[in-house]
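Annotated in TrEMBL:
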- B:131-424: domain 'NADH:quinone oxidoreductase/Mrp antiporter transmembrane' (DOMAIN)
- B:75-99: transmembrane segment (TRANSMEM)
- B:111-130: transmembrane segment (TRANSMEM)
- B:136-154: transmembrane segment (TRANSMEM)
- B:166-188: transmembrane segment (TRANSMEM)
- B:208-229: transmembrane segment (TRANSMEM)
- B:241-261: transmembrane segment (TRANSMEM)
- B:267-294: transmembrane segment (TRANSMEM)
- B:301-325: transmembrane segment (TRANSMEM)
- B:337-359: transmembrane segment (TRANSMEM)
- B:380-401: transmembrane segment (TRANSMEM)
- B:413-436: transmembrane segment (TRANSMEM)
- B:457-476: transmembrane segment (TRANSMEM)
Amino acid sequence: MSVLIIVFLTAIVALFSGVFEQGKFARYIGIFGLIIALYVSFMPELAFFEKYRHMYDYTANTALFTKISIVTTLLLFFLGGFAFSNHRSHQSELYALMLFALCGGITLFGFQNLVTLFLGVEILSIPLYVMAGANKTDLRSNEASIKYFLMGAFATGFLLFGIAFIYGSTGTFDLYKIHDFGTQNPKNVMFILGVLLMLCAMAFKVALAPFHMWSPDVYSGSPSLITAFMASVVKISGFYALFRLMTIGFAGVTHDWINVFGVFLIITLFLANAMGLAQTNAKRMLAYSSVSHAGYIGLVFFGMTSLSTYNLAFYLFAYSLSTVGVFMCLIWVEKLKRETSFGAFKGLAKSEPLLATVAAISLLSMAGVPLTAGFMGKFALFSQAMNGAAFLVLVAVLGSAISIAFYLRLIVAMFFFKETTFKTSEKVTLTYNIVAVFIIASIIMLGVFPDLFAKQFGL
Amino acid sequence: MSGLLLTLLLLPLVGSGLVFAWKDKSSKYLALGIALVQMLITFYIAADFDFNPTVDSVLQHEINYPWSQFIKSSLHFGIDGMSLLLLLLTNILTPIIILSSFNENVSYRNSFYGLILLMQFGLVGVFTSLDGLLFYIFWEVTLIPIWFIAGLWGQENKRLEFTTKFFVYTFVGSLFMLVGLIYVYNHSASFALTDLYNASLNETQQTVVFWFIFFAFAVKLPVFPFHTWQPDTYTYSPTQGSMLLSGIMLKMAVYGVLRYLLPITPIPIAGISGQIVIILAIVGIVHGALIAIIQTDMKRIIAYSSFSHVGLMVAGIFASAVVTLRGSFTIEGAEGALVQTFAHGINVVGLFYCCDILYKRFKSRDIRQMGGLAKVAPKFAVLFLIIVLGSMGVPLTNGFIGEFILLKSVYDFNGLAAVIAGLTVILCAVYLLRFYGKAMFGEGNDAVLSTAKDLSAVEFSVLASIAVFVILLGIFPQPVITMVSSSVKFIYTAMAN
C-alpha cells in the first residue's frame, strides 16, 4: 500500500506543479516519484498496513504486477516530453491523470474486497475518459472520450449489478468468503448470474470481444501516448483484476463461466485478427492487435498450474514492452506526418534506423517470433492451455498466423522502400534513443533468458 | 573439445554483429573471413570426428547448459554424423555464397553480409540443437534474415508481394510445428530429444502430431501441394537469397524429418499417413519436373527442379521408414537422402550462380533470349556443364549416387512408385539440357555476344570450387555415407522401437 500512497502523492504534486511554468516540471516529478515507487515496491510491505489486509492485500503477486506496470508507465513518461510537446498549456494534468490511473491499477492488483475492485476500476477509468479527449481541438479525440465514457459507464453498470447480485446471494464482499460460498453452493442461480455480469464488465475493460467495440475508435482517437498507456498499463491492470476475481473469487463455479469465457476468446481471436488484416491505418491496426492480445492472454485461464500468475505477468510485461516500442515509433511518425496510415511509415528505416528497428522487433515480439520476449510469453501460455483446451490453442495459433500478415505490413513499409519520405533534418531526441535501446535489449534478453524476468522482479 | 561447437555457434552471431557495425565498403572481406574461419573449424571437427562410434557415443562435442527453471528445456547441443554433414554443407556453402556476391553492386553491404551470417548462426543452431524447443527457435531465427534479404535486395517490382506470402506461409507452418512439439512436450518428461522420442502418445495423438509437425516441413521443403510460395520466392530473391533458401534452408526440413518426425511419430508413418506422404512426394516429383519443362524463366526452372528433387528425398526417407516399420530394417532411403541433400545443396547453389552469370551477360532471365555463349565463354560452358550433369545425376557426378540409392529404397517399398519416381531422372535431363543447350549453343544475338566476357576471377573461383565438389563426391561418395550411417541407424532404431 506504501507504493500506492507514493504514486498518489506524486500525482497530487504533479497536478499542482501545473501552477508554475505551465506544468513543465510535472514530467520530472512523475519520473522521480515513479522511481521511488519502483524502489519501494521491491521492499517488504510495512507491518502497519497489515490491518487493511481485508480491503487491500499486498501480496508477492501484487508486487510483481505493480512493478511491471510502474516500469511501463516510466517508459511512457520518458516518451512524454516529445509526445506532449504540443500540449503547451495542460501537460501537468495529463501526467497527473496518468499517475491517478496507475493508482487505480495498483488498487486492482491487491483488491480483496469487491468494493476495492469497484474503486480500482473507477479510479483507473475516469482519468482515462479525460485523457482520451486530451486533444481538445481534435474531433476524433472528443469522439473517443465520449464513446469511451458512455460505454465505460455502461460497463460500470454491469459491474455494479454483478456485485449486487453477488452480495445478495453471498452476503459478503470479501473475495475469499465469496470463494467459499461458490464452492459450497455451486448451483446458486443468482450467484452465477452475478459472476457472468462481472465477467462481462471486466471483459469490457480488457477489450475482449464481443465487448471490444469501443476500442478501435477510442484507441485511434486518443493521443498516441495515451493509447499506448491504455494498451499496456490498463491491460495489465484489467487482466490481473479479472484473473484474481475469476480464479480466486469464482473458482468454485469455474465450470459455469469458463465455457462462456472460451467463447469470448474464440470470437476475439478470429474477429480481432481478421479485422486487423483489413486496416489501412497503423494505429487502428494496433488497436485490433491489442484486442487480439487480450485473446491470447485469456488462455491463461485454461489448464492452470502454479505458474499461471507468473506466465500472465510475463506475457503482459512482454506485450507492454512491445506496445511501448511500436507506439514510440508511431508517435514520432504521427508528429511529423500528422497521420498514421501504413504509407506514412515508408522509408523510416532510412532516416531513423533505431526507431524502425525497435518497432520491427516489437512487432515481431507481438507476433511471437522466437528470440523475443513475446515468443516466450506465448509459448508459456500455449503450453499451459494445451493441457485443458487444445482447441483454443489451435484457434490462437491460427490467430497468430493471421496477425503476422498485418504486423509484416508495417515492417515492410518501414524497411522495404528505398526512398525515404522523411526530412533528414528532424532527428529523435536522446531520451527516445535510450528508451529504444532499453526496449530492444529487454525484449531480446527476455526472449533468450526468460528467467531474467523472475530474477529481476522477484517471484 | 566442446569449446569448438560453442565457437561454431557463436562465431557467426558475433561476426554478424561486427559486420553490421563495420564500414560499408570493406564489410565483404570481414564477412568472408569469418565464414572461412567457420569453414576451417568445421573441417577440423570433421577431420577429428569418430565415424564408427559405439551406440552410446553417437553424439560428439556435446554441450549442455541449464536454461530456464520454468521450461523443461536446456541449451543442449551436439554433433553426430548427420549434423556434421549438414554443418559441412552450411559452412562450405556460406563462404561460397558470400564470395559469389563480390562483384555485385550491393547496396547496404554491411547489412547484407550481416544478415547472411545471422542466417548461418540460425542454421548451425538448427543442425546442432538436441532439444525440441531450441530446434524450433533456431528454425524460426533463420526465417527473419532470409526474409529481409529477399525483401530488401529482391527484384524491385515484385518483392512486396512474394516476401509477405513467403513469410506468412512458412510462419504458419512453423506455428503448427510449435503446437505439435508442445503437445509432445506435455506428454513427455522434457524437451530433450530422447524424452521426446519416448513420449507416450497413442495412435490418434501421434497422427495429429505427425501432421502438425509435418506441415512445417512440408512447407519448407516444399512437398506438393504446399509449394506455391517457392517458385516466386526463388525467382525474385537476389541470387544469394535463392542460394541460401534452396541450398541450405530447405535441408533444414530434411534434417527435421529425420531427427524429429520419424522417431516421435512412428505409428502414423507405418499406417496410412506415411503412404500419403510418399504419394504426395511422388506427385511432386513428376509435377515439378513437368512444370520445369515448360518454364522459360531460368530461375523458375531451377526452382521447380529443386521442388522435384526434394520430392525424391522425401519419398526415399519415408519409403525406408515404412519398410523398416514393416519389419525389414533398412536405412538406405535416409542415407540416400542425406547424400542427395549434400549434393543437391552444392549443385543448386552452382546452378543459381550460373543463372546469375547468364543474367549478367544477357540482361534477362528468359532462356528464349539467350544463346551461343559457349563460343565466347568456353570456361563457363565447361563448368556450367559439370554442374548441370551433377544435377541430372549422371554417373561419376555427385547427384548420381544419392538418386540411385533413393530410387532403390522407393523400389523396396513399391515397384510402381519407383518407376514413376524414376521419371525424374529423364525429365530432369530434358529441362536442364534444354536450358543448357539454348543458353550455350542456341542461336545467339551477336550484339550481345560481342560484349559478353568469359568468367571473371571471382566467378571462376566460385564455379570451379563447386565443380570440384561435384566430381569429387561423384567419384568418392563413400565418406558421406559412412559419416551419416551410424546416426541414421540410431534414428531408425529409435523409430522402430
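Keep in mind that glycine also has a Cβ here, set from the backbone N, Cα and C atoms.
Bear in mind that TrEMBL entries carry predicted annotations, made automatically and left uncurated.
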Which listed stretch (B:267-294, B:301-325, B:337-359, B:457-476) has the most C-beta pairs under 8 A with the transmembrane segment (B:380-401)?
B:457-476
Verify whether three or more Cβ pairs under 8 angstroms connect the transmembrane segment (B:337-359) with the transmembrane segment (B:457-476), leaving out any pair fewer than 6 apart in sequence.
yes
Please give the sequence-distant neighbours of the transmembrane segment (B:301-325): residues at least 6 beyond its ends with Cβ less than 8 Å from one of its Cβ atoms.
221-224, 227, 230-231, 234-235, 242, 246, 250, 254, 257-258, 262, 266, 269-270, 274-275, 277-278, 281-289, 291-292, 295, 331-334, 336-337, 340-341, 344, 348, 351-352, 355, 367, 391, 403, 405-407, 409-410, 412-414, 417, 421, 424, 427-428, 431-432, 435, 492, 495-496
Considering only Cβ pairs under 8 Å, which range in B:75-99, B:111-130, B:208-229, B:241-261 makes the most contacts with the transmembrane segment (B:267-294)?
B:208-229
Same-chain residues near the transmembrane segment (B:166-188), Cβ under 8 Å, at least 6 residues beyond its ends:
72, 132-133, 136, 139-140, 143, 147, 150, 195-196, 198-201, 205, 208-210, 212-213, 215-220, 226, 228-229, 232-233, 260, 264
Counting only CB pairs under 8 A, let me know which of B:75-99, B:111-130, B:337-359 has the most with the transmembrane segment (B:241-261).
B:337-359
Could you tell me what the rest of the chain brings near the transmembrane segment (B:337-359), counting residues at least six beyond its ends with Cβ under 8 Å?
82, 85-86, 88-89, 92-93, 96-97, 100, 239, 242-243, 246-248, 251, 254-255, 258, 298-299, 302, 305-306, 309-310, 312-314, 316-317, 365, 370, 373, 380, 384, 387-388, 390-391, 398-399, 401-403, 405-406, 439, 455, 459, 462-463, 466-467, 469-470, 473, 477, 480-481, 484, 488
Interface-richest range of B:75-99, B:111-130, B:208-229, B:413-436 toward the transmembrane segment (B:136-154), CB pairs under 8 Å
B:111-130
Per the Cβ under 8 Å criterion, with at least 6 residues separating them from its ends, the transmembrane segment (B:75-99) contacts 5-6, 8-9, 28, 31-32, 35-36, 38-39, 41-43, 45-46, 49, 51, 58-67, 113, 116-117, 120, 123-125, 127-131, 134, 192-193, 240, 243-244, 247-248, 251, 255, 258-259, 338, 341-342, 345-346, 349, 458, 461-462, 465-466, 469, 480, 482-488, 490-491
